[in-house]
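Peer 1: Once you've had a glance at the structure underneath, I'll fire off some questions.
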Amino acid sequence: MDEIWGQACAALETSVGPNNFNHWIKPLRLTGVDAGIAHFASPTRFISDWVNRHFAKDILGELSRHGQPVERLRFDVVPQTAPGRARPAPAPTAAAAAPAKPMRPVASAAAPATARVGRTDLGAPLDPRYTFGNFIVGKPNELAHAAARRVAEGGPVGFNPLFLYGGVGLGKTHLMHAIAHDYQTRHPMAQVLYLSAEQFMYRFVQALRESTIMDFKGMFRNVNMLMVDDVQFIAGKDSTQEEFFHTFNALVDQGKQIVISADRAPAEIKGLEERIKSRLSCGLIVDLHPTTYELRLGILQSKTEGFRAQQPDLEIGTGVLEFLANRITTNVRVLEGALQRLFAHASLLRREITLEVAQECLADILRTNDRKISIDDIQRKVAEHYNIRLADMVGPKRARNVARPRQIAMYLAKQLTSRSLPEIGRRFGGRDHTTIMHGIRKIEELVTEDHALAEDVALLKRLLEA
Ligand code: ADP
Ligand code: MG
C-alpha cells in the first residue's frame, strides 16, 4: 500500500506541480483502502476540503494507474501538531470531508483528543465570500487593509496583536476572515482559530462547568493564529477576561499571531482591564473610518458586477448607484442589503432599475438614513432646552449651568451619532477627546442618581430621534 501511494505521489508531484504537491498532498497519509474507498489522514479539515475540491480526480487517476483502483476518497482529520495529544484515527466515516462546505477554521475541525461528541467545534465558520479579493479598498480602510494583508503573509512582522476597530458594518469581520483565508492558504499546516469574544466566553464557561479547563487552555495555546472578533463583549466579564489575558500572553510570548477586533479603541472600552489595554497597545491598533462617498460607490459597483455575472440582463439606469452612495451612508451592510433588495425587485418584476424604482423600492431605508442626527442638531436642541446660547456649547465657560448642558450634548452626540470622541471634541470647540470622555462619563453617572436630569436626557433623546 505504501509503495503504491509512493508511486502515485511521484506522479502527482509532476501532474499538479511541486508547489501544490508539497502544500496539499504531501501532508496526507493513506491509511487504507476499503470497498473502493481510499481513506486518508489529513492534518486539517482545510487541507482535506481543498484536496477534495481540486485534486480528487488526479489522486483517483494515479491510484488506479498504479494498481489500486478506487472510486472515492475519504478524509479523516488527524491533527499532527500537538505531540502527545494525537488521538487514534476515528471511524473512517466520521470526518469525511464534503466538498463545497464553507471553509472552517482548522482548529475547529481538528479539535484534539479532548473533543467530545457534540462539542468539537471550537471556532466559528468562516464566510468564504469574505476575502481580500472582495474587499474594496478606499481612504477610510486602506491602513486597516494594509495591516491585515501584512499579518496574513505571516512573516516576522511585529504587528502583534493586530487590533482592528471601527463602527458597525465597516468591514472588521470581513477583514478578519480574509486574513484567515489568506494565511491558511499560505500556511496550510498552521492552525487558525477564529471566533467571537462571545463564543470565547461561552466555551470558557462550558469548560469550567465540565471541568475541562485544562483541555480548553491547551486547545487555545496550540493554535498558530488566534482571532477574536468583537472583543468589547468580554468587557466587565471578569473571569473571562482573566482567561483571555492568559491565553493572549501565552500566545504572544510564543510569537503566535493574534488578531482582535472591537467596535472602539482599547482605551474607550469600559470595563476592560488596564493590563489588557496596555498589552493590546503593544501591537498595532488601526481603525476603520466611516465610509466615504467614493468607497461606497466602489463597493456598489463591485457588488453590481457580481450580480450582473449571474444575471446579465439586469439593467441599471445611470445615476442609480451614485444616488445610493449619496443617500445610504450608515454602513456597508445596509448598503449591500439595499442593493440586494433592488436586484431582487427588478428581477422579479423584470423591470429596469431606474431612479424612481430605486426610490420606491427603498423608501424605508432612505427615510431612516434621512433621519441621521447631526451634532449641530444636538447642540441646538440642548441649548434651546436649557436656555443657554448656542455659542456656549463650544465656548470655554465652566459655570455649572453651561457646563452641564454641554456635557449632556456630548453624551447625546456619542449616543446618537457615529462620531468618534476626537471628532466630537473638534465639534465642541476643539476640546480634547479625554474632556469629551470625562463629560460623557459624568452624565452616565448622573443619569443613574439624578432623576430630573435623567428625564431631561430621555426627553432630549426622544425629541432628536423623532
Ligand atoms: P463589521 O464586522 O465591521 O461590523 P462586516 O465585516 O460584517 O462589518 O461588514 C458588513 C458587510 O459589509 C459585509 O457583508 C462585508 O462584506 C461588507 N463590507 C464592508 N466593508 C467592505 C469593503 N470595503 N468592501 C466590500 N465589502 C465590504
Ligand atoms: Mg463584525
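Cβ coordinates come from backbone N, Cα and C, glycine included.
Per TrEMBL, the feature region 'Domain I, interacts with DnaA modulators' maps to 1-81. Among the features that TrEMBL reports, region 'Disordered' is placed at 81-103. According to TrEMBL, the compositional bias 'Low complexity' annotation covers 82-103. Per TrEMBL, domain 'AAA+ ATPase' is recorded for 158-291. Marked as ATP binding site by TrEMBL: GLY169, GLY171, LYS172, THR173. TrEMBL lists 347-466 with the feature region 'Domain IV, binds dsDNA'. What TrEMBL lists as domain 'Chromosomal replication initiator DnaA C-terminal' is 374-443.
For each listed feature, how buried is it and what is near it?
Peer 2: Confidence across the domain 'AAA+ ATPase' (158-291), taken as the mean pLDDT and rounded to a whole number, stands at 90.
The DSSP secondary structure for THR173 (ATP binding site) is helix. Over all protein chains present, the Cβ of THR173 (ATP binding site) has 21 other Cβ atoms lying within 10 Å.
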Peer 1: May I have the list of same-chain residues other than GLY169, GLY171, LYS172, THR173 whose Cβ is within 8 Å of the Cβ centroid of the recorded ATP site, in sequence order?
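Peer 2: In sequence order, the nearby non-listed residues are GLY166, VAL168, LEU170, HIS174, LEU175, SER261, LEU288, VAL332, ARG333.
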Peer 1: Identify which of the following binding-site residues, namely GLY169, GLY171, LYS172, THR173, place a Cβ less than 6 Å away from any atom of ligand 2, and list them by sequence position.
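Peer 2: Going through GLY169, GLY171, LYS172, THR173 in sequence order, those close to ligand 2 turn out to be LYS172, THR173.
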Peer 1: Go ahead and report the DSSP secondary structure tallies for the region 'Domain I, interacts with DnaA modulators' (1-81): helix first, then strand, then coil.
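Peer 2: Summed by class, the stretch gives 43 helix, 18 strand, 20 coil.
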